[in-house]
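What TrEMBL says about this protein:
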- 7-65: domain 'TRAM' (DOMAIN)
- GLN289, TYR318, GLU339, ASP387: S-adenosyl-L-methionine binding site (BINDING)
- CYS414: active site, nucleophile (ACT_SITE)
- CYS414: active site (ACT_SITE)
Amino acid sequence: MEKLKPPVEKNEYIDVAFEDLTHDGAGVAKVNGFPVFVQNALPGESGQVKVIKVKKGYAFGKLIKHHTISEQRVEAPCPVYKQCGGCQLQHVSYEGQLQFKQKQVKDVMARIGHLPDVPVHSTLGMNDPWRYRNKAQVPVAEREGGLVAGFYQQRSHDIINMDACLIQQQANDDVVQAVRSICEKHDVSAYQEQKHKGSLRHIMARYGLVTGEIMVVIVTRTAELPNKKRIIEDIIEAVPNVKSIVQNVNSKRTNVILGNQTNVLWGEEYIYDYIGDVKFAISAKSFYQVNPEQTKVLYDKALEYADLTGEETVIDAYCGIGTISLFLAQKAKKVYGVEIVPEAIEDAKRNAELNGIHNAEFEVGEAEVVIPNWYKQGIKADVIVVDPPRKGCDEALLNTIIDMKPKKVVYVSCGPATLARDLAILEKGGYETVEVQPVDMFPHTTHVENVAVLKLK
Ligand code: SAH
């Protein structure tokens, strides 16, 4: 068979119209059906593009100039938007972002899930989609004798200084600036990645949205911290709501931010926050949703879909620190949570106790192993909630669900493509996807979270 020749060549200049966005926010133009991906181009726009790389089934281009501009294009408010790469959609109006996310989910439902008719609702967005993140983790470097704290320039390990991150809680920005200047004043050296020398690696801040409590985490290469006492005094003075100051020691050559050893320098080991009525204890290393306001929106939807009367047995697979389990436990007879990370299960148990919730049980292990065991022991759920990582559910788990036949499955997902794939499997196994609700947990990024509900046919 003759190989189809791509209709574009490297270094060629072409005039194109953009008709779509990829899942990572690049514009898509088609040349005789052949897709060309171009950064900073939006559907509805046209422009001149230089072809920079040609692959078998697609090409990459660089936008040279716009011919027409989309109504949804806005000026990105962040001055370092392009260098940072943490956000990908600041050049799109917020309304446009929500529409883009809904369309992306609709597309994968049709293409991967073979569910072209399943209702995908409008994305639930934030009233104020800025300064939502409750956790900052900022790398530190030395420049001209002083310290800079900011972000890694895209595709490099150079740290660019940053005074403000517009998706970060203001309190976290303030902590980072204060701790940077306090450490500078007390001659703390910055970690040098190349030489594996120096001390201060990252400044981390965690913020309880409801409680206003703040945790400061100083991540250093060794346990030693010069002028420790004065650093602590200065932080207490500079950060009004600080409840916890901890040092985390990470002595490894690694991109992983936190090491194994955490020492409380002052105050508590935990700060607290609420999602709805449920109180959570958060340590330096605890997993906790980064946008608690939208987490509430997402879990309220999951709870609505679960439609509990108080009589049900519920399984929460991939339960993390038990966030969804504890939400559901208030409305169910019994909840079983399973999660692979032992520390998360410890947090889940602590959080259950903290809230006086006694009808939730947690087990460490792989959902695809633990849930089939439960089933063998006679545990049968009326409702199963799953909230897997981006790669989706293990097929063994989906098969157990199909055997166990809960009346409802509520699927919380951070990966639309794997959600669609897994829905198709459950549909074959006797379930019907009733509807899908996208929720915007991460405004200005391309991430989209969904909750879907299925009922037994
Ligand atoms: N439901 C939780 C967290 C969901 S994130 C919340 O809302 O806070 C997905 C979780 O799945 C992570 O905590 C991860 O550690 C866990 N995980 C990954 N693979 C797993 C597996 N095979 N079995 C059980 N848990 C797993």
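Even glycines carry a Cβ here, placed using N, Cα and C.
All TrEMBL annotations are machine predictions without curation.
What TrEMBL annotates, mapped onto the structure for a quick look.
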residue	record	Cβ neighbours (10 Å)
GLN289	S-adenosyl-L-methionine binding site	21
TYR318	S-adenosyl-L-methionine binding site	20
GLU339	S-adenosyl-L-methionine binding site	27
ASP387	S-adenosyl-L-methionine binding site	24
CYS414	active site, nucleophile	17
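Between the CA atoms of GLN289 (S-adenosyl-L-methionine binding site) and CYS414 (active site, nucleophile) there is a gap of 12 Å. Broken down by DSSP into helix, strand and coil, the domain 'TRAM' (7-65) contains 0 helix, 35 strand, 24 coil.
A coil conformation is recorded for ASP387 (S-adenosyl-L-methionine binding site) in the three-state DSSP classification, outside any helix or strand. Within 8 Å of the Cβ centroid of the S-adenosyl-L-methionine site, not counting the listed residues GLN289, TYR318, GLU339, ASP387, the chain contributes ASP316, CYS319, GLY320, ILE321, THR323, ILE324, PRO388, VAL412. Within 10 Å of CYS414 (active site, nucleophile), as judged by C-alpha distances, the binding-site residues found are ASP387; the full candidate list was TYR318, GLU339, ASP387. Taking a Cβ distance under 6 Å to any atom of ligand 1 as the criterion, the recorded positions TYR318, ASP387, CYS414 reduce to TYR318, ASP387. Summarising the S-adenosyl-L-methionine site geometry, the residues cited as binding it (GLN289, TYR318, GLU339, ASP387) extend over a maximum Cα to Cα distance of 15 Å. Mean pLDDT, taken over the domain 'TRAM' (7-65), works out to 95 on the 0 to 100 scale.
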